[in-house]
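Heads up: the structure comes next, in structure tokens.
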């Protein structure tokens with residue numbers, strides 16, 4: 001099934017390839033190719049798929065072929081979008097839609113017929129966007145966010161006919177970026193939550209897309225504002241509050257999950273005996289047969305309720321994976337570079353987000369690997385932060401595996417050293433409960449934090465070390481108070497990821513091994 005398009009439409013490239021079920025994606029492009037689009041779908045509905053991830057700059061509908069091309073303002077936005085929709089197939093009009101990178105680098109549609117509707121839809125959406133929030137096209141490092149914008153959202157849930165759990169909120173809001181912390185509470189007889197993202201830009205997108213939406217049909221309406229707080233302080237990890245970056249927090253005094261007035265608000269217990277039954281005649285808007293993720297409106301408030309997966313309703317945390325098991329600590333990592341990846345490299349990289357016990361690179365398909373973390377929350381953290389990052393020229397993807405554990409090869413079984421057990425490694429960062437490392441977990445960034453530097457090592461020594469590893473060093477500075485630590489800024493996030501793999505635990509002499517982490521700061 002090819003998607004030939006009118007000649008002269010595109011700047012370059014063509015997508016006339018036979019599609020296999022799950023062929024490796026083309027290299028990332030800000031133009032996305034959508035297949036199996038329902039014939040009655042509108043331009044606005046197609047645009048709505050891209051909206052949460054950034055500005056949509058062009059659209060070409062090929063209705064006769066049930067295909068479309070969507071151009072995002074930036075490649076980063078397109079990567080985030082593909083990455084999100086890979087484990088969670090999006091649906092339009094209850095039909096699954098398939099998204100991949102196009103070979104085209106941009107869409108040229110000026111001289112095409114029938115483009116008026118697409119352009120009108122794009123203008124309408126951008127008017128709504130700029131009317132409500134002047135959003136940057138994509139998250140950038142220059143802080144082009146509205147000045148002083150908080151990464152914390154205050155969420156009030158009205159018409160609460162169903163219990164909404166912390167897990168449900170995490171699943172809905174994770175669509176728009178990494179959720180660091182959530183606190184839920186009851187105030188003025190209303191169920192409320194404070195939710196902190198890694199970046200204010202994520203808070204923008206989430207507020208824009210979700211404010212006024214219903215979680216279930218005709219009930220549980222989200223009212224979202226920016227909080228005056230810029231950071232949340234979570235003391236306990238339980239069903240009321242959670243810090244997803246601190247897996248070591250105690251659970252507190254195990255309060256019951258619903259305070260008595262809240263339970264009363266849900267009516268007699270019999271009404272919600274089953275999450276599927278629907279409370280007081282409100283059928284939940286949950287596609288049980290399909291993990292639809294959220295249907296995000298093209299124009300806020302225009303589409304129906306948010307559909308979330310059934311497992312979240314029953315209170316189990318499940319980010320829909322490719323047949324993955326919720327609560328599983330084993331990740332399936334795909335689209336690796338088979339020539340350069342090693343079990344040790346995956347151990348070091350995934351070890352930034354948790355303690356890696358075992359790694360297996362597939363004997364017959366070396367671009368795939370299994371990574372077993374110490375527990376499910378570490379697996380979730382690693383998946384959130386690493387899926388979609390570029391490593392050795394390819395966009396890595398991570399989902400929950402259907403395997404519960406990584407098996408070691410039997411005695412005498414040929415394995416080429418592809419399966420490794422790291423459970424007793426001295427390099428685990430999170431072995432000690434309450435370790436400072438729990439507070440220093442950040443998304444991959446071009447700036448690395450270096451520590452354990454011996455006094456005799458100079459700026460030039462460290463710069464040369466990174467240059468010899470193939471990195472371009474953009475900036476470097478020692479910490480003023482503590483010369484054992486420094487920040488180094490490299491040419492790209494991909495360079496930094498590769499440098500971390502290569503140089504974490506590098507022997508600097510004098511019995512000092514270099515420690516490398518991602519930094520939240522820039523120089």
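Residue numbers in this text run from 1 along the chain shown.
Backbone N, Cα and C atoms are what each Cβ position is placed from, and that goes for glycine too.
Curation plays no part in TrEMBL annotations; they are all automatic predictions.
Of the listed segments 385-405, 406-426, 427-447, 448-468, TrEMBL assigns region 'Disordered' to 406-426.
Note on TrEMBL: of 1-27, 28-54, the range annotated with the feature region 'Disordered' is 1-27.
Looking at the domain 'RRM' (153-229) alone, the prediction's average pLDDT is 86.
According to DSSP, the secondary structure content of the domain 'RRM' (446-521) in residues is 21 helix, 22 strand, 33 coil.
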